[in-house]
């Protein structure tokens, strides 16, 4: 009897391996050292479905040279377990090696993109000792797609593999060498600070800094606006909109301020048809998710990937705005969606009337636009529901009718001065019925005709100022990076995330470049502008694309990049000490500024946040001449919100989640306390009244030997904590009173307040 052939399918993640195994047959789950894999039989063939866990291999130096040595270009691929926190990768490598020994043929079933091709190829090459395999390509994890991909396999795309390897190598070349160069510049002046800059992060931070400096240097320019408040709460604005000359504005105002009527001199009515919005590419999905739900681009990408792995949507990392051309494929999906309680009626009409979807301009050689493929069978999290709903509605709306809007522009005359008012309304909802997220202004004007007289209630003149350019948001920056050709659809969200993590940028609703970020860019711009030149980065991105399509060779691009970088680093080394001095000067100024809390009430000096081995406090910069000092708690992360207390005008600090006034004598902290002898229950010494940033409290007179404290209004004990034996006391939270352990935060036991306890309180 002939031996049964064994096929090994390598997936990107364990969850995808399970999906693929169950789609191909009745799979049996097994494991090697805790690593799951699946076995099944299909068409007389034994199939093993196993997985990687993302990238199993990473780049390191071939030889460990002295600490901080650069430039380094001699690198190799090794198991990713060398990275901290990635030790678990070894188990997956060993499992694939073991499973590959009995395999006769191999399939790669990782994500169909550059990273997926590289993950699969590396697993095949370094774990299985093979260079060739069949390639399963799919854009969704539905059973039908998986079976089709298995029965009609492709070959490995070595252009994608080369492009993937080249991207990782270039990122290593630039990231490691430039970061070491910066740190060595600081070491050259006998200082130390961890610094980093990357191939794409540098140019991205550079144009963010450019915008930040525009905002800092912006000088507001005054202008005047004249408006007429009309009957029925209508508001008309002078046709000039902005008066840049105050005298001219006031002359117009004086001329018409007492007028009580306006004459309609012109009416223009226009209708516009608004086509449905095209289906989502990743960048547009990220922007819309942030705009409507404030979900960050990085989180949107992660949620979309999870929805894809659960076979609810198609592959999310796509540039396409076009749905698949295969009508049968779309009809199969619509036949599933028509059973949905909300989307069903729309899917039914699309099927019944054979409606065709609109397309956007963007294309992707591998994947169609993001679209739904199934209905959730399990409960989704709130954010998953929002992203799924956004994609579902956008998919269905692409098939729908145009929306129709009517716009009314009216010109009125007030004593020879022309004013304008406008209205708009929706005539036909069309696709907006389904994808209702974009806001349509509905401004109804009363029926008006030429020569009508309208009552004027009031004329106003308002001085305004021009506003600085807006900062980018985490969503708008994705569009800007795409426009400038920096990064890829899969990496742009991560680029911004790294800039935030490194302290170069903060996200408080918009992206603000920190003083640290500005000082790094100013240093590089002055001494080594090539590092932050986006033309060089864009050129490399274009070459990576050419590698992908086999138009140029990988080695040629890497050799050219190495020569280019060596030249940059040679110049950098010549100026190393100057760069270090300039960078430290900027960093010291930044650090000093970051520690300033406010002004000293005694001498007018700066109040500075000081961290000392004996504790934390705020002290005057003019010490020892000025001895103003405010103690701070030992625990809790401190932030400086640049606010002052309404009651005493002292600076406010945010410690943990609480904003507090640093002044212990603040009127808001004063309490009336009866004089009474109190004894410390811990050591027997006398308890004395003390004042701190949180207000007055009792503390042991034997401090610092005894650190016992208790609040002035000590909470009444209502029982013993079943978890730690501490006292249970009545506390008050944002949802009302409850019983909690007095040993919080060490013990977080809580319970509901009983009725009799409420009555006693």
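Note: Cβ is positioned from N, Cα and C throughout, glycine not excepted.
As the structure is a computational prediction, the values presented were derived from the model and not from experiment.
The active site, O-(5'-phospho-DNA)-tyrosine intermediate annotation in Swiss-Prot covers 315, and the record cites sequence analysis as its basis. Every protein chain shown contributes to the tally, and the Cβ of residue 315 (active site, O-(5'-phospho-DNA)-tyrosine intermediate) ends up with 24 other Cβ atoms within 10 Å.
According to DSSP, residue 12 (Mg(2+) binding site) sits in a coil region rather than a helix or strand. Summarising the environment of residue 12 (Mg(2+) binding site), the number of other Cβ atoms within 10 Å of its Cβ, over all protein chains shown, is 22. Among the features that Swiss-Prot reports, Mg(2+) binding site is placed at 12, 111, with the record citing sequence analysis.
Per Swiss-Prot, the feature domain 'Toprim' maps to 6-143; the stated evidence is sequence analysis.
The annotation domain 'Topo IA-type catalytic' is assigned in Swiss-Prot to 157-569 on the grounds of sequence analysis.
Among the features that Swiss-Prot reports, region 'Interaction with DNA' is placed at 196-201, with the record citing sequence analysis. Residue counts for the region 'Interaction with DNA' (196-201) under DSSP, split into helix (H, G, I), strand (E, B) and coil, are 1 helix, 0 strand, 5 coil.
Around residue 55 (site 'Interaction with DNA'), taking its Cβ as the centre, 19 other Cβ atoms fall within 10 Å, counting all chains. What Swiss-Prot records for 55 (among others) is site 'Interaction with DNA', and it gives sequence analysis as the kind of evidence.
According to Swiss-Prot, the site 'Interaction with DNA' annotation covers 167 (among others). DSSP assigns residue 167 (site 'Interaction with DNA') to a helical segment in the three-state reduction.
Residues or ranges marked as site 'Interaction with DNA' in Swiss-Prot (evidence: sequence analysis): 171 (among others). Counting only residues at least six positions away in the same chain, the Cβ atoms of 198, 199 sit under 8 Å from the Cβ of residue 171 (site 'Interaction with DNA').
Under DSSP, residue 317 (site 'Interaction with DNA') is assigned to coil, being neither helix nor strand in the three-state scheme. The site 'Interaction with DNA' feature in Swiss-Prot is assigned to 317 (among others).
The number of other CB atoms found within 10 A of the CB of residue 502 (site 'Interaction with DNA'), across every protein chain shown, is 19. What Swiss-Prot records for 502 (among others) is site 'Interaction with DNA'.
Feature annotation from Swiss-Prot assigns zinc finger to 600-626 (among others). Across the zinc finger (600-626), DSSP classifies residues as 0 helix, 13 strand, 14 coil.
Annotated zinc finger per Swiss-Prot: 680-706 (among others), in sequence order.
Per Swiss-Prot, the feature zinc finger maps to 721-747 (among others).
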Using DSSP, break the domain 'Toprim' (6-143) down into helix, strand and coil residues and give each count. 42 helix, 43 strand, 53 coil
Under an 8 Å Cβ to Cβ limit, what residues of the same chain, 6 or more beyond the ends of the zinc finger (600-626), are close to it? 592, 632-634, 638, 640, 650-651, 653, 662
Go through 111, 167, 317, the listed recorded positions, and name the one with the sparsest Cβ surroundings, counting other Cβ atoms within 10 Å. 167
Could you give the Cα-Cα distance between residue 55 (site 'Interaction with DNA') and residue 167 (site 'Interaction with DNA'), in whole Å? 14
Quick one: pull the CA-CA distance for residue 502 (site 'Interaction with DNA') versus residue 167 (site 'Interaction with DNA'), whole Å only. 22
By CA-CA distance, flag whichever of 12, 111, 167 among the recorded positions is nearest to residue 317 (site 'Interaction with DNA'). 111
